[in-house]
């Protein structure tokens, strides 16, 4: 679809009229609110940080509940992402919260590939959404949006500066997701060191061109608080899963031999600020930024890769349809070529096997002939032998008969002689 | 005369009738003490661990000086491809007439790069180099002024942010445990509650045993020591690895000025035993076991290196037809080249005969069939 810009030219007729009565379209925001409340909200957080730095504890503290979580080991081979979805309810608002954990981040000896699984995961979520958007029969209304809205990057409280791994990872992520850097386990840094640490981190981020999420200052309702919070970045937070009695209340805190660190005490840490900014004020803006900025960037890159353009070489608005048809033709052509190739291969193979089989057949014939010949020869030999034998038998019979007759003659003559003698 | 000084023999007087049968070699400890004070001591300590774990601060707290006044820390981008360097700081400190020449060997850049494959190699090379140099000096002709630069102890800093040892920690300790005394420490312990400290210590101890890493063991105390001493020793052994906190600043706590860290929720005192194990570490390292560390380095690690070195040298020389070596070759149980050759020949003959036997068996088998 061609993008048509709606330009409001001063020459066009657009008049503002005043109403003479109450029409009632001021209830539109309320209708929108009730619709979105009934639809429910979804929010996806990605927590990136070393093992044991306090990601799970902070999530528990932030949402005031306990998400079940096993402790991760330090000896994983690579970085894995572990997404978990929970449904939370507060007043009448439903929230589908997905927390994605990076397991094994920062543990390996060689961390050059550590950022890749994270980037791949974020891209995969964008890809899913893009696919849904490009479908013919699509249901964006019901689609469970799994794109990451916010990435909380946990910085280890060394007190000096960012680690090299942090810098490399944040540079890879800043164009794909909203990043809010936070200093984890901040109860190990004293106030003066914290100030210096924050300044060092921000200067390093700026000098390396890392774009972290800035709280929006264009809406006057929240501009003031947002701009003051922007100056407090990165937030130094503490999380706690235990509660301690202070005064007459149970508060989330950490008990040390030298004092008690209260999580919700603004002079102890910036947790309240983080919660305020993340959940109470800017949650919607984070979702919109993800869709409007990061997702659009991804979509643009992906479609340009596929060969789509917004304008022709002649600067005419290009029709998506035409490009699509052209691409399709190309694709089909390629397919046909491949089919031809495969068919050729098949035919060649058949020919080869046929030739082989013919050879074998010929061989078999030859052998058969040979066998037949030998058989006949043998038969002939046998015949000859039989004839010889018969002849022998005949001669033998004759001789026998002759000998018998002779004998009988001799016998009879002897008898005669005897008879003559007797008479 | 009775005195309460440790070495009673200090006031030996020849006209004392009680000491008629007294020979006098009980003054030996005395003499040792005097001579060693005159000679001075030296100690080389290596600190290893990732940046930002508090190594420099701890060294400053241990020796109550500021060794790292003007150092420049690298930015994160410069550290992406950083290689490990070895830096040495030597200071001479003196306390009550006892002089100590302390050398701190630092390893900036360890574990900081993105790819840390074999990042411990420069460190093992350095330790081997020191051994080699001492070996050469010891075997030389003029042995008066040998400088002992061998590393006597290596403090390895484990980050408290994780759940235990990480692969790079395990690899490092396994590469070094036979070359130097390793004392593992849990650094920045002020981010762990007492329960978490105990859990982490148990975890680390288990993993050290599981991976077979030989860390420095405190020597067993003799059975005739006092019960209190034995109890202390047992507690000490159960406390490893020590969870330490260091501080460069002095704060005011409970009316005193102490080394500590000031937080909005309280003050951590470095020398408070209920806050961290810094005092235990200092006692072990400096006050009671410094000499034992040196002894183990000399007697165990150095001797291992030396034996290995000599073995390699003799086998190499034997291959090169026995040229004159500058070192006296000791009779070692390495097999002679001649006997080796004979053994090889006999092996081959055996193999040949076995093959022939098999062939004959096969033939007989066929004939039967």
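Each residue, glycine too, has its Cβ placed from N, Cα and C.
Listed in TrEMBL for this protein:
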- B:39-312: domain 'Septin-type G' (DOMAIN)
- B:161: site 'Important for dimerization' (SITE)
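Listed in sequence order, B:191 are the same-chain residues at least 6 apart in sequence whose CB falls under 8 Å from the CB of residue B:161 (site 'Important for dimerization'). According to DSSP, residue B:161 (site 'Important for dimerization') sits in a coil region rather than a helix or strand. Mean pLDDT across the domain 'Septin-type G' (B:39-312) comes to 83 in this model.
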